[in-house]
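Below is one structure, written out as structure tokens; the observations come after it.
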Amino acid sequence: MNGRGGNPLDKWGSINNLMKKRRIAILSLQETHPSDEMQKTIEKSFRNTLRILHSADPDNPGRKGGVSIVIHKSLLDAKNATHQVVIPGRVNIVEIPWNESDKLQIMNVYAPVKNEEKADFWKGLKEAIDNDENLHPDVVLGDLNLVENPEIDRLNNRGGSDPEAARIELSELTTELDLTDGWRRRNPRKRGYTFTGNGQSRLDRIYVKEELYQWCTDWKIEHPGFRTDHNMVSVQITSENMPYIGKGRWALPAYLLKNSHIKKRIQERAKHLQTVVERTSLIGDRANNPQTALKTFKMEIIDIAREYQRTHQPRLENTIRSLQKELE
């Protein structure tokens, strides 16, 4: 996600809240360009929740460029993650423990805006990866500042056109690394734009290795909820070596407890339960006693909640889908 705009410390507070609320384990940021002093302040302010791996522009760290990979400490083993700067201020990579035996490499890219620099950048990145045996990214993501298919990935030409040479260099890189554009593969003909400024376009993308794609779900383009001219691209990645986790026990959704209809039904059944408990506590038997009454009460509440979900949830989901289509 492009991090340009807004007060740096305020924005990092929003980033911290975003990762906590949406349970984002790793967030990549581009065009962060904090000063050295501000970077130290940011890292100190969020040291209990976030590990921030930053690479500044070597020529003008407080004014341009800069890439950061942010790891949420409560969701991943941030302490044992290793960080490497590939191209200062442009590309960095993190390797994180993924499970007991695997590691995942995620490369964060902020490509040049100027057309005359784009082809050389992608060619240089490919050479850097070829010349370093430690670089074998499973995921390449970031603000790429070009699109592969202008007909569908640009709303118009107001944002300019990308050099064909740059697209070829990027294509050669993704082919060599066996990477696929996950969101586009999931949505072959859908229009979705991540840059909302001068000429909407899908500049921000997530590429994953072909073998990893089958373990990727929930591809999304959405606004992060704070000031920025780029939307956020996200995906959920699991591992084939993760242990099987069952459905778990059913729990009453918290939002139903605020529903007036549900609350009224629960109160009615609770009053009935109290009457039954008072009656059976003295003259109850194995079939009719406070324990069996409580079990019956619980089952009734579950039935009430599930019936309400069955009849009302589809309407809510349809409304959400309609609103999403309007936003698109």
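Quick reminder: no glycine exception, Cβ is built from N, Cα and C everywhere.
TrEMBL has this to say about the protein:
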| type | residues | note |
| --- | --- | --- |
| DOMAIN | 16-218 | domain 'Endonuclease/exonuclease/phosphatase' |
| BINDING | GLU31, ASP143, ASN145, ASP229, HIS230 | Mg(2+) binding site |
| ACT_SITE | TYR110 | active site |
| ACT_SITE | ASP143 | active site, proton donor/acceptor |
| SITE | ASN145 | site 'Transition state stabilizer' |
| SITE | ASP204 | site 'Important for catalytic activity' |
| ACT_SITE | HIS230 | active site, proton acceptor |
| SITE | HIS230 | site 'Interaction with DNA substrate' |
TYR110 (active site) and ASN145 (Mg(2+) binding site), Cα-Cα, nearest whole angstrom: 8
Proximal but sequence-remote residues of the same chain as TYR110 (active site) (Cβ under 8 Å, at least 6 apart): GLN30, GLU31, GLY65, GLY66, VAL67, GLY89, ARG90, VAL91, GLY142, ASP143, ASN145
Cβ neighbour count within 10 Å of ASP229 (Mg(2+) binding site): 12
Alpha-carbon spacing, HIS230 (Mg(2+) binding site) to ASP204 (site 'Important for catalytic activity'), which is rounded to whole Å: 8
GLU31, ASP143 as binding-site residues, winner by CB count within 10 A: ASP143
Neighbouring C-beta atoms (10 Å sphere around the C-beta of ASN145 (Mg(2+) binding site)): 24
